[in-house]
Amino acid sequence: MLDILILAAGKGTRMRSDLPKVLHPIGGKPLVQHVVDTARQVGGEQLLLIVGHGAEQVEQRMAAPDVKFVVQAQQLGTGHAVQQALPHLRPEATVLILYGDVPLTRAATLQKLVAGVTDQQMALLTVDLPDPSGYGRIVRDTSGAVVAIVEHKDASDEQRLICEINTGIMAVKARHLQQWLPRLGNNNAQGEYYLTDIIAMAKADGVAIHVEQPGAIQEVEGINNRQQQATLERYYQQQQARALMDAGVTLLDPARFDCRGNLSAGRDVVIDINCVIEGEVVLGDGVVIEPNCIIINSKIGNNTHIKAFSHIEDAVIAADCDIGPYARLRPGTNLADAVKIGNFVETKKAVIAKGSKVNHLSYIGDARVGSGVNVGAGTITCNYDGVNKFKTEIGDNAFIGSNSALVAPVNIGAGATVGAGSVITRDVDAAELAVARGKQRNIQGWERPTRKS
């Protein structure tokens, strides 16, 4: 039986931000979301989020059926925070205590920690640091048993030489917390109720202290300022890149790749430099992505080529497509096999069938385009009258001449041709030619104006 507490009430003054610290992102999602996701992997039956500063924002962002919020109205220390959760803890449960600003602890590490808890033993996660300044020190007796945790500001000169520090993450029986937390005092340099003071109480009550350590220091690093956030972001991205390369993805420079979501990739995928993946992205076999592309919540089919500087969001792209460079595919774009979307083309809510081409300088929005269609350079679907959006339908094998404006709602039939420079306001039937432009006049003898000297 496992209850998991996540402390997320702090202000984060050193972030110098109006956003609560735990909502600042790593890898495209809030710090506390990483912790909640890991808690779910560990498998607690009850998940309690202790909120305080910016509670409404945190609750709004983190609301979920399995998350219960507990308010810490005054932030009087970690012990005080856990005290607020006491009425919600199940007496027979093991309690795992985590921190909303420590995002990268692995579930496997926490599962080992929880496994170390018995009726007469609690568990601490500690780590050895080359420079432990500012952290609470793990004090051991001559037998090596943990006897206390001393905060840096309260530590003696001898204790400050200790390199093993408290990460704050611990697991303990709920009934022990119910005995110990009401006895906490705030007679310390900070005037706060330290959760770490329960270690001395455990020792006095004959409860042993089991210690686990993480596989990497970064698992237990917290974020208090922007520099720490940036440092941990780089570590997170390195881990993401390694996992992708282990799965067979070619990253031409792993240090210049960002995954801010979840990427699923097929075989022989190649991603060039400065590409950003956000949200849920699926890449088929043989996909090539050139430099400086952004792909958000999209699915890209086998052997599709995304050329440089393209921006793709909430789109579905089938196999053997050719996109960009400098293409923008907006939400609702759905491309069938072998579609070509060229440079400076924008699509939105556009369904384009197999083999069609929109190669240059065009806008296709609220449109359904058939197969084998050629859309000439500079063509736009005029889909908005200032209030409402209207749809354009283009049939199979139609040809739209360059610099045409298709004023929706309008239907271009299969095999129809629209002459270059036309403004089409009425339907064009199948196989018809539509030309809608002013008649050309050539004026003989005309002289260009000249400047007066």
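Residue 1 is the first one shown; counting continues down the chain.
From the backbone N, Cα and C atoms, a Cβ is placed for every residue, glycine too.
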Of A377, A414, residue recorded by Swiss-Prot at the acetyl-CoA site of N383, Y384, S402, A420, R437: A377
Which of G10, G100, the listed binding-site residues, has fewest other Cβ atoms within 10 Å: G10
Cα-proximity to H360 (active site, proton acceptor), 10 Å cut-off, over binding-site residues N374, S402, A420: S402
Secondary structure of L7 (UDP-N-acetyl-alpha-D-glucosamine binding site) (DSSP, helix/strand/coil): strand
Cα-to-Cα gap, R437 (acetyl-CoA binding site) vs G77 (UDP-N-acetyl-alpha-D-glucosamine binding site), nearest whole Å: 75
Cα distance (Å, whole number) from G100 (UDP-N-acetyl-alpha-D-glucosamine binding site) to A420 (acetyl-CoA binding site): 59
The region 'Linker' (227-247), counted residue by residue under DSSP: helix, strand, coil: 20 helix, 0 strand, 1 coil
Spatially closest candidate among G10, G77, R330, S402, the listed binding-site residues, to D101 (Mg(2+) binding site) (Cα to Cα): G10
